[in-house]
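S.K.: Take a look at what TrEMBL says about it:
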SIGNAL    1-28  signal peptide
REGION    142-162  region 'Disordered'
DOMAIN    176-332  domain 'Nudix hydrolase'
Amino acid sequence: PMPLRAGSLRRAVAVLSLSVILSARCAAQRRPAPSNSPANCWSHLRPVNMFNSYNVKFYHSKALTSPYPGSHVERSQVPEDKVGWLTEWEDYNPVEYTAKSVLAGPSWADPQINDKGFSPKFNERDGEVERKSLNGLYVVENGRPRNPAGRTGLTGRGLLGRWGPNHAADPVVTRWKRDGSGNKVAHPVTGKSILQFVAIKRRDCGEWAIPGGMVDPGEKISATLRREFGEEALNSLQKSPEEKAKLEKQLHELFSQEHFVVYKGYVDDPRNTDNAWMETEAVNYHDETGETMDNLPLEAGDDAGVVKWVDISEKLELYANHSYFIKLVTEKRGAHWSEDPEPECHE
């Protein structure tokens, strides 16, 4: 084999070290921690044999929780050492479940695998539907795609419309917290400036989240990011044509500013199943001066119950692995995240 160049070696070491500290806080826990227990440990996690687009190991724990969202369906239990498909498990007996809302055949959902005339092209662009995964090729077994992060205790599609990857986009819109005089507010302990982001409270589960949503067939990611932010955080669907036109102009200003892709890949989502899973592209749009966002009136709409600016810190409890996306943004912007040094984890 060819020897590793110094740069490749450095990258390999970086990937290895990053793989140890990833994902949402204490994601190794099968169920959410009791509210009085310490939940600020990032590194004690269950490894899964898959990588996201940044070659960082990802983990799956929310995709193992019961009952399945919006139902009384209990997943079959998957022991920690049996999550990965590489581990043989002859007695694996997952529960089959696809929600009635999906089986009703709405425009955003696929038919059932054995339906006449349905022959999806997995691992490629299938007409207007993107069936490629951001994580590379996935296995298709007995005509069904297999979740690349491992077993979930549930087959079928649950609440997800597509077999295989279901693509979403998450716009992380940020600004600096400022005092009455317009000066940045620093955290009293770390001295780092406090970053704020636009958060919505989801109607379906009551959890705070980034205002994202599903990519429509044939839609560019950039268009999804803008549309979803408008619909969920600015209630654009309920605006008059004049208001909409004004909003569009402001959104264009915000979304054409400097931005960076925070994350691309598999999402540890409670809706995931063995045959259908969430993937996202999270992009940070940062309003450095705060002037653009000052003129945008936040108003909850669509799937959002409430929308507001939220101060970012590790104390945030967010939907799916949104806390992890937010943490990456604070690292990139040099903003406040934690009052403590990275906690040590002990077996």
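Backbone N, Cα and C define each Cβ position, glycine as well.
In TrEMBL, annotation is done automatically, which means it is predicted and not curated.
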S.K.: So how many of the residues in the region 'Disordered' (142-162) end up helix, strand or coil by DSSP?
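M.R.: Final tally across the stretch: 0 helix, 7 strand, 14 coil.
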S.K.: Need one number: mean pLDDT over the domain 'Nudix hydrolase' (176-332).
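M.R.: When the pLDDT values over the domain 'Nudix hydrolase' (176-332) are averaged, the result is 88.
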